[in-house]
Amino acid sequence: ADGIFAIDQFTKVLLNYTGHITWNPPAIFKSYCEIIVTYFPFDEQNCSMKLGTRTYDGTVVAIYPEGPRPDLSNYMQSGEWALKDYRGFWHSVNYSCCLDTPYLDITYHFILLRLPLYFIVNVIIPC
């Protein structure tokens, strides 16, 4: 989120009759991925993004993915990369500081396949 972590607008929450609360804060997350260029421009990259809270533990806040795959309804295709596969995994971790307290996160893995046409036409063929 560009290093700005404050949400500067009020957002509503959904409250279920069971007491379950859903909050969807407006945010755009940006991440980076270490690129391995051994097979460039015919490479694929495995990038991950971990979402969780370190402020509240798993006894206070429960987070769960809606399904095994993230929602890509706002995904925009790229001319350089194709999304080959993507998955989300739920984790409960007990750190050495507090072994009886679980901390929850969801880690999303994205496998990106480089589309090599640009590099073939502009870099490889002219050589």
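We number each residue from 1, going along the chain as drawn.
The backbone N, Cα and C atoms fix where each Cβ goes, and this holds for glycine too.
For Cys33, the disulfide partner named by Swiss-Prot among Cys47, Cys97 is Cys47. Between Cys97 and the candidates Cys98, Cys127, Swiss-Prot annotates a single disulfide bond, the one to Cys98. Neighbour count (other Cβ atoms within 10 Å of the Cβ, all protein chains): 13 for Asn94 (N-linked glycosylation site). The two recorded residues Ser92 (site 'Confers toxin resistance') and Leu99 (site 'Confers toxin resistance') have their Cα atoms spaced 12 Å from each other.
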